[in-house]
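J.: Per Swiss-Prot, the feature active site maps to 127. If you look up Swiss-Prot, you'll see 74, 75, 76, 112, 113 marked as substrate binding site.
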């Protein structure tokens, strides 16, 4: 399969999506941040001096989805219909799993917006708690599901 982001001279280009059909596009991405018990408890008990960590991560994730095309060179700017973020507490492993669901009606998908949303949300948690635990790890950022468009649906293997 040829790379569509290269022209005949192998130079970068942005793919022309002008002839594509506008359809509903949905993408769901996820990722996890793991930390020590002290940092986890500080977040849960609202004891982080920088403020409400999980609420701030949700707002940052929404902003990340909206700014994706400004940071990913070949990503088209598209109007988003919605961004929903859920953060699950994983007490046993002192982790949080962040899910971002992005929806649009456009000529291109929102996979990158969902992945960016997760990444920025998790990085925000790291930033707000790094004074307590610098050894936090972000892992497993992945596309869980996508629907719409010419390539059809995708579901990650569990």
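For all residues, glycine too, the Cβ spot is worked out from N, Cα and C.
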J.: 10 Å Cβ neighbour count around residue 112 (substrate binding site)?
T.: 22
J.: Taking every protein chain in this structure into account, which of the binding-site residues 74, 75 has the most other Cβ atoms within 10 Å of its Cβ?
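T.: Ranked by Cβ atoms within 10 Å, first place goes to 75.
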J.: Within the same chain, and leaving aside 74, 75, 76, 112, 113, name every residue whose CB is within 8 angstroms of the centroid of the CB atoms belonging to the recorded substrate site, in sequence order.
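T.: Neighbours found: 68, 69, 72, 77, 78, 108.
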J.: In sequence order, what residues of the same chain, 6+ apart, have a Cβ less than 8 Å from the Cβ of residue 76 (substrate binding site)?
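T.: Sequence-distant Cβ neighbours: 14, 15, 17, 69, 107, 108.
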J.: Going by C-alpha positions, which of the binding-site residues (74, 75, 112) is nearest the residue listed as 'active site'?
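T.: Going through 74, 75, 112 one by one, the closest to the residue listed as 'active site' is 112.
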J.: In the structure shown, which of the recorded positions 113, 127 has the fewest other Cβ atoms within 10 Å?
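T.: So among 113, 127, the recorded positions given, the one with the fewest Cβ atoms within 10 Å is 127.
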J.: Taking the residues the record says bind substrate (74, 75, 76, 112, 113), how far apart in Å are the two Cα atoms that sit farthest from each other?
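T.: Between the outermost Cα atoms of 74, 75, 76, 112, 113, the distance is 13 Å.
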